[in-house]
Ligand SMILES: N[C@@H](CCC(=O)N[C@@H](CS)C(=O)NCC(=O)O)C(=O)O
């Protein structure tokens, strides 16, 4: 994998002849915990999470933060959507092109300009990529964890003793569903969440085709699952919203606006090719503020199309598809015409 000594756009090591994107393993793996003498106890206002609204992995964390009502426990700020040669940068007061809640200069370090400084503050010898999300302890000025799957799992329970009943009862990894969640997470992660990146970042035709084929086989499987369980829904595993919904949503919501064209994931799109996935996604977006309020299409579209100059050297952002997401009960025009008996 490319370290911070190479070009920022070298997601595939130029020396790697396979052309395959291999995602780095995250480095900071501590936990907020209730255990006596824990290094990171669950205290109100003690933690901060650095995110990008563009990033699906980071968005997992802020969806969970809202669902669990953790706004008073964990403050949040978003980087600017542009990922440049020095990685993510903090917005400045002069930026007028990156609107969104908490899109602000680093609230914790007045002189910091880039995410990399957060990493070097905790680990001066750090040689990996400077990724978001980062869960940060404001008391000790250190990174707690930079692996979104673990932060998501942690937020599901770590603060529960301090929450009201309504938020404590939001259980994202319930015991009765754990084996189903683990099973779904595994192939969703490899073939869908990371599959879009493996398709889009591939530097050979073979690597691209292999990964895009696996991606669409997995989408077909998710569609079949949602079709077969539609009567038990509306969530991926039935009546209960779980982390599977959060983890799959952040990729599917970006699919038509970005991945179809920018990452060449265009065997089908969601709105015209996957009716059950489309319905499941729109229910989450339109009926749950935790999903809608954490989705920022401006950051999403601009980030990918203007930062990945190895894919899109002129940084022109495609206008469509319009709208970014269809209303709850509308369909693509061709399907609407069929419904209305006009064709
Ligand atoms: N394993 C990490 C991956 C996070 C990740 O790759 N984030 C991307 C944004 S979507 C990033 O910050 N990339 C910056 C870079 O690669 O330079 C997680 O899930 O937390």
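Glycine too: its Cβ is placed from the backbone N, Cα and C atoms.
Taken verbatim from TrEMBL:
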- 55: active site, nucleophile (ACT_SITE)
- 197: active site, proton donor/acceptor (ACT_SITE)
- 88, 129, 130, 131, 132, 147, 148: glutathione binding site (BINDING)
- 174-311: domain 'GST C-terminal' (DOMAIN)
- 259: site 'Lowers pKa of active site Cys' (SITE)
- 304: site 'Lowers pKa of active site Cys' (SITE)
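Distribution of TrEMBL features across the structure.
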residue: 55; record: active site, nucleophile; contacts (Cβ under 8 Å, 6+ apart): 132, 133, 303
residue: 88; record: glutathione binding site; contacts (Cβ under 8 Å, 6+ apart): 52, 79, 80, 114, 115, 116, 130, 132
residue: 147; record: glutathione binding site; contacts (Cβ under 8 Å, 6+ apart): 26, 28, 29
residue: 148; record: glutathione binding site; contacts (Cβ under 8 Å, 6+ apart): 57, 58, 60, 61, 133
residue: 197; record: active site, proton donor/acceptor; contacts (Cβ under 8 Å, 6+ apart): 11, 21, 23, 263
residue: 259; record: site 'Lowers pKa of active site Cys'; contacts (Cβ under 8 Å, 6+ apart): 196, 199, 200, 251, 265
residue: 304; record: site 'Lowers pKa of active site Cys'; contacts (Cβ under 8 Å, 6+ apart): 54, 258, 262, 263
Please go through the recorded positions 132, 147, 197, 304 one by one and keep those whose C-beta falls under 6 A from any atom of ligand 1; give the result in sequence order.
132, 147
For residue 129 (glutathione binding site), just count the other CB atoms lying within 10 A of its CB, please.
21
Over the domain 'GST C-terminal' (174-311), what is the model's average pLDDT?
98
Please count the residues of the domain 'GST C-terminal' (174-311) that DSSP assigns to helix (H, G, I), strand (E, B) and coil.
104 helix, 2 strand, 32 coil
Secondary structure at residue 132 (glutathione binding site), reduced by DSSP to three states:
coil
Express in Å, rounded to the nearest integer, the largest CA to CA distance found among the glutathione-binding residues 88, 129, 130, 131, 132, 147, 148 named in the record.
17
